[in-house]
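Asker: I'd like to ask some things about the structure below.
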């Protein structure tokens with residue numbers, strides 16, 4: 001076969017294999033025997049081996065897996081992959097529906113099965129698959145393109161030459177999971193606890209051939225750029241994705257109201273065991289994109305969607321002992337040490353006991369048969385005692401009076417249920433602060449997890465976060481299981497963390513009551529650490545959602561000489577102390593009508609998109625939020641303004657129409 005013939009035949013084979021693969025892996029309706037598919041695949045592989053230049057990015061042979069990767073690159077999600085708020089019962093679902101209707105009126109919902117796998121993003125250019133990434137922290141994930149390419153239900157080429165970014169869930173079917181664990185058991189390897197862990201572990205293999213051997217699957221459940229493509233609803237987006245050749249779960253339903261949603265939830269609670277894959281709940285989304293825009297999002301999750309989690313599985317096991325741990329803020333927490341037991345697909349040996357009052361109220365004793373469940377199917381907790389099983393050998397537990405780490409006296413502050421160690425130099429607190437500082441939500445220092453921090457701390461190499469920026473390769477190589485390459489990578493990650501925006505550093509400092517959302521609000525408002533350090537209590541409380549308790553904690557933190565010294569050291573090492581997001585009041589004209597104002601947009605503007613309006617308001621010193629409250633200063637109402645306008649009228653909030661809005665932003669440009 002000459003090259004011209006080979007080129008024609010390779011194109012024919014790619015078309016045939018794409019069609020047969022789609023019929024088998026997506027439609028589950030194969031039209032040819034497996035042997036015929038394999039024969040055609042072998043023929044294409046032989047042609048590509050003889051003429052390597054004929055190999056294309058969408059060739060079915062690319063699913064077999066290429067050479068191992070050195071490491072996974074970071075990928076920034078243009079549209080964040082936000083997590084969802086949870087619902088645990090019918091009441092939570094009805095509360096969600098009530099909040100939606102208060103904001104946008106009546107709404108239809110789309111219900112989908114919540115696949116228990118790994119959330120991924122897949123990007124296509126002109127119809128060709130070009131990049132896949134993990135969710136990561138929602139803003140930044142890892143490039144797993146080559147591993148996703150091995151999933152046969154994921155199209156390498158779409159049926160239309162469109163550019164898009166889809167979101168989906170990669171998972172391991174139950175049959176594949178059982179087969180994989182049987183193979184690992186035969187080889188004497190550690191078994192995977194559940195299909196979710198197996199899927200996540202497979203997609204994070206540096207060798208794509210390993211991922212290819214694991215028989216993963218993928219359902220697509222969203223389209224990040226749907227509105228750019230002229231699509232107006234989530235249900236329409238799912239139909240469009242399916243028409244392009246994606247595998248979209250057929251077990252979905254558009255519901256006219258919350259009663260239909262609850263019926264769908266109850267139906268799948270019963271039918272769940274019959275599925276060939278694991279699900280842990282139902283995802284409910286407002287169908288209309290226009291209503292989704294109006295509802296907006298919090299810092300953590302969209303207001304237009306919620307994840308109903310199936311009731312947690314409960315099991316009984318023996319409480320062997322109770323361990324007391326000290327957290328980064330000095331809170332002392334009791335942890336149950338259990339006879340190993342499987343709960344919701346994982347082996348559990350430890351569970352939270354919350355606090356001393358909880359142990360006393362439940363009369364939990366060492367040696368008891370205790371009931372364990374996973375809260376939200378994630379955190380194991382002791383929920384009760386099987387008193388009938390007591391034989392008299394059980395031992396009541398008493399919380400210690402002194403810190404188990406530094407032996408300082410434990411105290412209970414007024415109004416709190418937790419015991420605290422108030423020694424700021426307690427080794428446990430210092431260690432936990434370092435772990436928090438390096439965590440994904442804070443400075444995101446890859447490779448600096450609990451084990452490495454503990455080694456560094458025990459070796460006397462670090463005591464506070466500034467010490468991290470003094471570490472050398474020679475010091476790291478001396479640690480257990482830390483080679484030269486690992487040390488180089490860790491130092492690079494520490495160096496990269498210096499460029500983080502202010503909100504990450506602020507959250508990483510571990511100021512009491514300041515979570516990730518509050519850190520974001522403070523960074524946006526003050527823009528530099530210097531301004532925040534100088535802020536008075538009143539200035540702090542002027543920031544939306546910053547209350548008196550948090551303001552007191554922030555001023556107390558910056559009043560400490562140790563905090564001043566720490567920040568000086570971090571500055572000296574080049575750690576960024578400025579907010580890197582969109583600038584607001586610093587660029588606003590002094591007479592801007594928006595300066596320092598909290599603004600809500602509702603309805604449709606004829607002159608610009610909602611995002612463009614938001615940018616204009618922020619340019620002129622305002623802050624845009626998604627819902628109307630007593631802290632709202634101004635509401636801008638376009639056409640078809642809904643319940644937000646009514647609420648603003650009830651609260652006596654100033655309201656502008658579009659013409660007044662345009663007048664002000666044009667004045668701000670002069």
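Glycine is treated like the rest: Cβ placed from N, Cα and C.
Swiss-Prot lists 114 with the feature active site, N6-AMP-lysine intermediate. The NAD(+) binding site annotation in Swiss-Prot covers 34, 35, 36, 37, 38, 83, 84, 112, 135, 169, 285, 309. Annotated Zn(2+) binding site per Swiss-Prot: 403, 406, 421, 426, in sequence order. Residues annotated as domain 'BRCT' in Swiss-Prot: 589-670.
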Asker: Which of these recorded positions is closest to residue 426 (Zn(2+) binding site) if you go by CA atoms: 38, 84, 114?
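Answerer: Nearest listed residue in space: 84.
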Asker: Averaging the per-residue pLDDT over the domain 'BRCT' (589-670), what integer do you get?
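Answerer: Here the mean pLDDT over the domain 'BRCT' (589-670) amounts to 82.
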Asker: Rounded to the nearest Å, what's the C-alpha distance separating residue 84 (NAD(+) binding site) and the residue listed as 'active site, N6-AMP-lysine intermediate'? Just drop the number here, would you?
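Answerer: If we compare the Cα positions of residue 84 (NAD(+) binding site) and the residue listed as 'active site, N6-AMP-lysine intermediate', the gap is 11 Å.
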Asker: Out of the recorded positions 114, 403, 406, 421, give me the one sitting nearest to residue 285 (NAD(+) binding site) by CA distance.
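Answerer: So, spelling it out, the nearest of the recorded positions is 114.
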Asker: Can you see whether DSSP assigns residue 426 (Zn(2+) binding site) to helix, strand or coil?
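Answerer: Its secondary structure by DSSP: coil.
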Asker: Below 8 Å Cβ to Cβ and six or more residues apart, same chain only. Which residues does that give for the residue listed as 'active site, N6-AMP-lysine intermediate'?
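Answerer: Spatial neighbours, sequence-distant, of the residue listed as 'active site, N6-AMP-lysine intermediate': 279, 280, 281, 282, 283, 307, 308, 309.
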Asker: Name the residue among the binding-site residues 84, 403, 421 whose Cβ has the smallest number of other Cβ atoms within 10 Å.
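Answerer: Selected from the binding-site residues 84, 403, 421 on minimum Cβ neighbours within 10 Å: 84.
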Asker: Whole-number Å only: compute the distance from the Cα of residue 135 (NAD(+) binding site) to the Cα of residue 421 (Zn(2+) binding site).
Answerer: 37
Asker: What does DSSP assign residue 421 (Zn(2+) binding site), in three states?
Answerer: strand
Asker: Using a 10 Å cut-off on Cβ-Cβ distances across all protein chains shown, tell me which of the binding-site residues (36, 38) has the largest neighbour count.
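Answerer: Counting Cβ neighbours within 10 Å, the top one is 36.
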Asker: Please work out the number of neighbouring Cβ atoms within 10 Å of the Cβ of residue 135 (NAD(+) binding site), leaving out its own Cβ.
Answerer: 20
Asker: By DSSP, what is the split of the domain 'BRCT' (589-670) into helix, strand and coil residues?
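Answerer: Across the domain 'BRCT' (589-670), the residues distribute as 31 helix, 17 strand, 34 coil.
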Asker: Radius 10 Å, atoms counted are CB only; among the binding-site residues 406, 426, which position scores highest?
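Answerer: Result for the most crowded candidate: 426.
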Asker: Provide the number of Cβ atoms within 10 Å of the Cβ of residue 285 (NAD(+) binding site), excluding the reference atom itself.
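Answerer: Other Cβ atoms found within 10 Å: 23.
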Asker: In DSSP terms, helix, strand or coil for residue 403 (Zn(2+) binding site)?
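Answerer: SS state of residue 403 (Zn(2+) binding site) = coil.
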